[in-house]
C-alpha cells in the first residue's frame, strides 16, 4: 500500500533564499578563532579563559586550525548491505528541493502509522544503545561505528550518511559544539557533555531523536544546562495538541531558557519528517509569531538547543560542525511527535528493557 502521506523533499542550501530558519543547513559563516588555544593532536580541544559561570571543560576547536600531523585515514565503517532500503540521496548525496506543504497522515491509516512508529522506535532504541557506550576514553569514531552496526543489524539505513555528503552515520557534538559534530579520534574526557543525534530510515520512513549525555563527573553548570534543556523540550511537547499554534513552542522555550539564564539557538529548527528526512513544518525554538496550527496526523521534531552564553553560531571549516561563538557549552534534546486527535504522542520512546546490540 502506498503511504497516505504527501511526498516532500529537502531544499538546496545553495539556492535557498527564504527568511525562514534552516533546520540542517550549514553556511560559510566566519569560523571560530581560538585565539587563546593550546593545541593537541587530532581533532582536539583547547583550554581557554572563560567566565566562571561557564564552568570547567575543554573547548573543541576546528580541525584546520589544529597544529598537528594529519591522522591516518580512518577505516570505512559505513558499508550498508545491499538488501537495506535506502533514501533517495544515499548515492547522490543530494536530496530534492524542499516543499513547504505540510504532510498529514490519516490517523486511520494503520499501515503508514505502523511504519513511522517502527522507524521512530528504532531511532529511540539506537539512542538508548548509544547511551550505553558513553564513557571516558571512547572515541566518537568508535561510537559512530558501533551505532552504524546497530542500525544496519536492524535492517535500517543511518539517515545522516551521505546527506548532502555528510561522511558519518551519526552526529556527535561535544561541549561547545551545538550540532552536527563529525565523529573523530578524540577520546571522550571525564567532564565532557556530548549530544548524540540519531536518525534512521526504516521501510521508507525516518525516525529522529537526540539527547545530551554526561561523561563521568560533570560540573554543576554543565549538569544544570543539560537538565534545563531536557525540561525545555518536555515543556514544549506538553503544549502540543490539535489547533495549537506552532509559535507557542518557541515562545515557551524562549521564556523558560531566559528565566534560567540560557539562550536558545535560532539558526536551526525542528522539522517535519516521514518519507523525507526534513520537510514542513519548521519548528522554531525562539520567540516568534509564525502562522500555522497543529492538526491531527502531523509529525515533526522538537529539538531545542540551549547555550550557556551567546545564541550566535560559528561554523567550522568542515562546513558541518556548529559551535557557540563564545566557547560556552550547548545542550540539545529532541523527540519526534505525532499530533493525535486529543494531544501528542512521543514516537521516539525506547522499548523496555533496553535493546541488545
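Each residue's number is its place along the chain shown, starting with 1.
Here the Cβ of each residue, glycine as well, is placed from N, Cα and C on the backbone.
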Suppose a student reads TrEMBL and sees 208, 271, 334 listed for divalent metal cation 2. Which of 290, 303 should they find annotated at that same site? 303
Going by the divalent metal cation 1 site in TrEMBL, where 208, 334 are listed, which of the candidates 197, 219, 326 is also part of it? 197
Compile a sequence-ordered list of residues in the same chain as residue 208 (divalent metal cation 1 binding site), six or more apart from it, whose Cβ lies below 8 A from its Cβ; state 'none' when nothing qualifies. 120, 123, 159, 197, 198, 199, 273, 277, 301, 334, 336, 348
Alpha-carbon spacing, residue 303 (divalent metal cation 2 binding site) to residue 180 (substrate binding site), which is rounded to whole Å: 13
Other residues near the divalent metal cation 1 site, CB within 8 A of the CB centroid of 197, 208, 334? 123, 198, 199, 209, 210, 301, 303, 332, 336
What Cα-Cα separation, expressed in whole Å, is found between residue 180 (substrate binding site) and residue 271 (divalent metal cation 2 binding site)? 15
In this structure, which of the binding-site residues 197, 303 has the fewest other Cβ atoms within 10 Å of its Cβ? 197
